[in-house]
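Visitor: I'd like to ask you about the structure that follows.
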Amino acid sequence: MPAPKTAIILANLGSPSAPTVPAVRRFLKEFLWDPRVVNLPRPLWWLILHGVVLPFRPGKSTKAYQKIWDADKGSPLTFFTRQLSAELAAQLAGRDITVTYAMRYGEPSIASQLRVLKEQGIEEVLVLPLYPQYSSTTTASIYDDLVKELDQWRHLPSFRFISDYHQHPAYIAAVADSIRQAWREQPKNALLVMSFHGLPEQLTQWGDPYFHHCHKTAALLAEQLGLSEQDWKIVFQSRFGKAEWLKPYCVDTLQALPGLGVTTVDMVCPGFAVDCLETLEEIAMENRAIFMEAGGEAYRYIGCLNDSTAHAQALLAVLGL
Ligand SMILES: C=CC1=C(C)c2cc3[nH]c(cc4nc(cc5[nH]c(cc1n2)c(C)c5CCC(=O)O)C(CCC(=O)O)=C4C)c(C)c3C=C
Ligand SMILES: [Fe+2]
Ligand SMILES: [Fe+2]
């Protein structure tokens, strides 16, 4: 029997099409209307979204996007996701496996990429959301989007969905190696702060395993790096809105550390496969300023795995290829 024609889809969150207020507003409208992301009753949330969020948030977010947008490459998240899929394809050369990428919000959409694969006669689809830690707000939303498109197909392909890889040895080893590499280039600072994107706290009580996945990832990284308890810390960033989110908050921690005698930190974001607004603007720029103003002396941001060969190799191991 000939092998089925297989395709890998690397799925990520997505970015606005341009760092302009109308494009960012369009993006936020699609993103924040997703019931997986904001779980409030629809009529109430519609009023808040259109009355409070969409008139103001796009202006603030656009300024942030403009700081990280590359004139040639565009959004870092989109650029690195595309490059990572090319790196995977290069490593699979000769194996007749197509590699593509798709975004949950914005372009290229999951539906459009699935249709391209259908045209190509793909018989087996492996979907790898680029979220190492599972969350209903991210991973499950990608699943919803896939199913929404596939629901309309008469002839379904075989299908595999990777729900997380938060403790996969290849992923842990790749992130640990990237941290060791940074420490070889410049000696390590007093504390390694591992920052993960936050979530409303309530989701954990409702059964979302994200908080536990983040803690497991962080503990495994600390173990691989031979760190003791006082050498590292886990924090949660990017709080949105007024509800309580996962704690400790990144900003509060960075403001408090110098007063506790910790004036040098290394920051790493093991929940982000590729660099994006949340790492390059929030962690590497905004939070650096907050730490230094609070009395910090050295602040290094260690970048994501991005389109490195080591990252592509780790993801192939996650896919069992
Ligand atoms: C209710 C709001 C949000 C939840 C819940 C949330 C969860 C969540 N997000 C990521 C990863 C990313 N988020 C990014 C941007 C971003 N996130 C929110 C809100 C929530 N995220 C907003 C409003 C934005 C847009 C920017 C802003 O206005 O602040 C990004 C970066 C996108 C880019 O273009 O670079 C990523 C990546 C995870 C992993 C997560 C839950 C686990
Ligand atoms: Fe987010
Ligand atoms: Fe943010």
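All residue numbers here begin at 1 and follow the chain in the order shown.
Placement of Cβ uses the backbone N, Cα and C atoms for every residue, glycine included.
TrEMBL entries are annotated by machine, without manual review.
Annotation source TrEMBL lists Fe(2+) binding site at His197, Glu278.
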Visitor: Would you mind pulling the DSSP three-state label for Glu278 (Fe(2+) binding site)?
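Guide: DSSP assigns Glu278 (Fe(2+) binding site) to helix.
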Visitor: Does anything in the same chain, at least 6 positions from Glu278 (Fe(2+) binding site), have a Cβ under 8 Å from its Cβ, and if so what?
Guide: His197, Gln237, Ser238, Cys269, Phe272
Visitor: Where does His197 (Fe(2+) binding site) sit in the DSSP three-state scheme?
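Guide: Reduced to three states, the DSSP call for His197 (Fe(2+) binding site) is strand.
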Visitor: What is the number of other Cβ atoms found within 10 Å of the Cβ of His197 (Fe(2+) binding site)?
Guide: 27
